[in-house]
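Participant: Copying in the features that TrEMBL gives for the protein in this structure:
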DOMAIN    C:38-80  domain 'NADH-Ubiquinone oxidoreductase (complex I) chain 5 N-terminal'
DOMAIN    C:100-380  domain 'NADH:quinone oxidoreductase/Mrp antiporter transmembrane'
TRANSMEM  C:53-76  transmembrane segment
TRANSMEM  C:106-125  transmembrane segment
TRANSMEM  C:146-165  transmembrane segment
TRANSMEM  C:171-190  transmembrane segment
TRANSMEM  C:211-229  transmembrane segment
TRANSMEM  C:241-262  transmembrane segment
TRANSMEM  C:341-364  transmembrane segment
TRANSMEM  C:384-402  transmembrane segment
TRANSMEM  C:407-425  transmembrane segment
TRANSMEM  C:445-466  transmembrane segment
TRANSMEM  C:473-494  transmembrane segment
TRANSMEM  C:566-585  transmembrane segment
Amino acid sequence: MPLIVPLLLAVVLFCIGVYGVLARRNAITMLMSFELMLNAVNLNLVAFDAWRLDGLATGQTLAVFVITLAAAEIGLGLAIVLLLFRGHGHVDADSARDLVEVDAVQQEKGAAT
Amino acid sequence: MTTALFSVAGAVAVLASVLVVTSRRIVHAALWLVVALGAVAGCFGALHAEFVALVQILVYVGAIVVLVLFALMLTKAPMNPLPGLTTGRSPFAAVVAAVLALILGAGVVLAFGNEKVKPVTHGSATDVGTEIFKVWVLPFEVLSVLLLAALIGAIALSQRKLSERSDKLSSSEKED
Amino acid sequence: MIATAWRVTGVGFSLLVVLTAGLLYGTDPAQTSFMNSPVGDLTIGFGVRTDDLTVLLLAVVGVIATCVQVYSLGYLHQRPASYHALVTLFTAAMVTVVIADSLFLLLIGWEVMGACSYLLIGHYWERRDARSGAVKAFLMTRLADVGFLFGIFVLGVGAGTFRISELDPAQISPGVLTTGTLLLLVGVVGKSAQVPLQTWLPDAMPGPSPVSALIHAATMVAAGVFLIARLYDVFSASDTIMTVLAIVASVTMLFSALCAMAAVEVKRVLAWSTVSQLAIMFSGLSLGTADGRHAALFHLVTHAAFKGLLFLCAGVLLHQVGSAAFVVLRRYTRRGRLRKALPVTFATMTVGLAALAGVPGFAGFFSKDTVVEAAWHHARDGSVVGWIVLVSVCVTVVLTAFYCMRLWLWVFFRSPALAGALGAFEDDDPMADLEEPDTSKLRDAPWIMLAPLVLLAVASIGLGYADGVQLNWVLALVTTVLALLGALPAYSLWSRGADPRPVVLEREFGVDTAYHGLFVVPVRWFARLAVGGDQDVIGAYVRAAGRAGTLASQGFRRLQTGNVQTYLTAAVVGVVALAVVAGVISS
């Protein structure tokens, strides 16, 4: 089997993931897109492991580690999403703009009220 | 044989992924994610990484997707299709992703265009487990600490602050 | 506490200078140099020397400084610490000038004196005239000091040494010699307030009177005379310089004596007379003979005594009466109070004025006659310079006698013609009839102020005989007659109650106005131009930079939407762009 096939598949999956992260409005779907990207990485790792055959199973081990990491990540990510939901009543990443620069005038108004 | 298997699994994975990022129903997207992850597990299998494929199905499909579905439920995600599930930037995001894919694909083709993968069976649980506990013990232990940290972090994040809780309580009492 | 410490230090230091002069008297001339550092072919370093000139000047400076410091104990109650410290520093600087054997050490003392005089003139900095006078003195002497500095360079490089004792006019080419001494002369003219840089000295009078006595009579302005006496070999080697000096001195002495005749404030009269007397010293020096130098130094010493005395007397008037303007003093005088209330001041001031006017028997008479005699000898040998000096000094004797007599009579005596009126000065005071001064409380100054007066009065008489009386009786008679010629018109004018002051003299020949038009106004225009350029050209760029920054930040602020996905998009685009650039570069 040509090595290029799994690699190209990984590229396609990764870019779909990138699109999903950038384009999806719902925070949970963004997290799903992250999972897709991580999977693409895993695919790369396994493919290169099958190609190199270094006898240490480096790629597969790393893929297992990444899966573990993904589990930790999704746990934390969902906790954050739940926090966002609790604070705002929605999980819309596009309208969560608490980091926006507020004008000094508005800030003063806010301080006054 | 393996190539054909891989191609089929890969095609399914790509299709399902596209549906994940384009579906208008969030729950459907989560379910399509299951398909995509399963298909990737199939790819792993085709590459003779049986243990990784199993872990993929167990952890991803069994744990993560369930977690995601729980989160959807907790955040009261609607079941019906939503028109505005993608932002206004999505065409631009698609362009960016396409360019990225072009660059990465070109790079991969240029670098590994002529390489072949020989199908060798070395991905059983015994093989990988031996290597993990023989060679990769230290990263493994570090990873366990990281998991613990993530656990504590998740608890800390999802825990309500005491003051918040008392506020809620007092307000609910007033409502009564 | 600090003030007391500085008072003690000041008096002690002045006494130390006197003591040093006494110890050095009669010792052989000696010189030493230290901290020499070779620079190229030249050696720059410090050097000190003691010789007759040094001892003489040390004695003068020490005695005058002691008198001034003791007098100031009673006179000055405002910011005494800084005052006494500065006077002490000033004295030290003058001592440095006097003992210097290196041109650079001399320059250091010279410049420190300039700075101290600026600070001391501006001692009452609350007063506008004091501030402007201080700035004027500083700017004018500083302008002259530029010439002085370059003169040192020219002379030092031309002679190959900066040691005064090693300067040999025979080894310097005539052109360099003339240039160098001319430049030095610029500094001297500025420091000693000669024409055309004379205007700062009368305007420096708002300073405390003891400071006027110290700076503007005895030490700082005398530094110019001292410098020429010190470098007399070098200066007298160039006839051009001597002629220039003679002309400057002659013009100055006539000019300033005429100005003194029209001044209506005691200190201003004295200031102009200082300029005039300094010019007499310079004229003695400009003869280029040993006699001339001796006469000039003799006059320097006697002048230091009687002019210091006069300024201190004016200080008593200021201190006890509150003003030294004629119009104020006349109010007391017309009741006949001033003379009776201030007997010691009256007596000592009379002695001082007599010495200044050249009344026979007083010190000024003898020293002035020495100058006249030296000029006469020189002129008899057929020298034009000698004739110029002789004639101008003789005319100045007449003018000096006139203004001394005028000052004395108008300040201390009731005019018989206008016994009850304010006399000729009431035009000056718009509030002349406003209130009558309470004359009954007028007292003479405390003894700590009067003691220096008495000492200096004794010196003003006694110093005339210190050199041994070697009078040319004919010349002495001539100058006495000339002085009488000047004094008589003053008396007759006074007795008629008239004090005609020609407008041109009152305005001091319009020099200040002319300088204002020639220098101040163009400089102001340039300053305005510079300010305008700074605001409208350079400032425009600065402001534009600021506004551009503000605008840019307002623009960039819009980028910060708070939307995490936008940031992520930007990051990814950046990564892609970097990858493309990397690919382009590597391919």
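Glycine is treated like the rest: Cβ placed from N, Cα and C.
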Participant: Assess whether the transmembrane segment (C:211-229) lies in contact with the transmembrane segment (C:53-76), where contact requires at least three Cβ pairs under 8 Å among residues 6 or more apart in sequence.
Facilitator: yes
Participant: For the domain 'NADH-Ubiquinone oxidoreductase (complex I) chain 5 N-terminal' (C:38-80), jot down how many residues DSSP puts in helix, in strand and in coil.
Facilitator: 25 helix, 11 strand, 7 coil
Participant: For the domain 'NADH-Ubiquinone oxidoreductase (complex I) chain 5 N-terminal' (C:38-80), give me same-chain residues lying six or more residues beyond its boundaries with a C-beta closer than 8 angstroms to one of its C-beta atoms, as numbers and ranges.
Facilitator: 3, 6-7, 10-11, 13-22, 24-25, 27, 29-32, 87-88, 91, 94-95, 98-102, 104-105, 123-124, 156-157, 160-165, 208-211, 213-214, 217-219, 222, 226, 229-230, 297, 300-301, 304-305, 308, 312, 315, 319, 445-446, 448-449, 451-453, 455-456, 459
Participant: Any idea what the model's mean pLDDT is for the domain 'NADH-Ubiquinone oxidoreductase (complex I) chain 5 N-terminal' (C:38-80)?
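Facilitator: Over the domain 'NADH-Ubiquinone oxidoreductase (complex I) chain 5 N-terminal' (C:38-80), the predicted model scores a mean pLDDT of 87.
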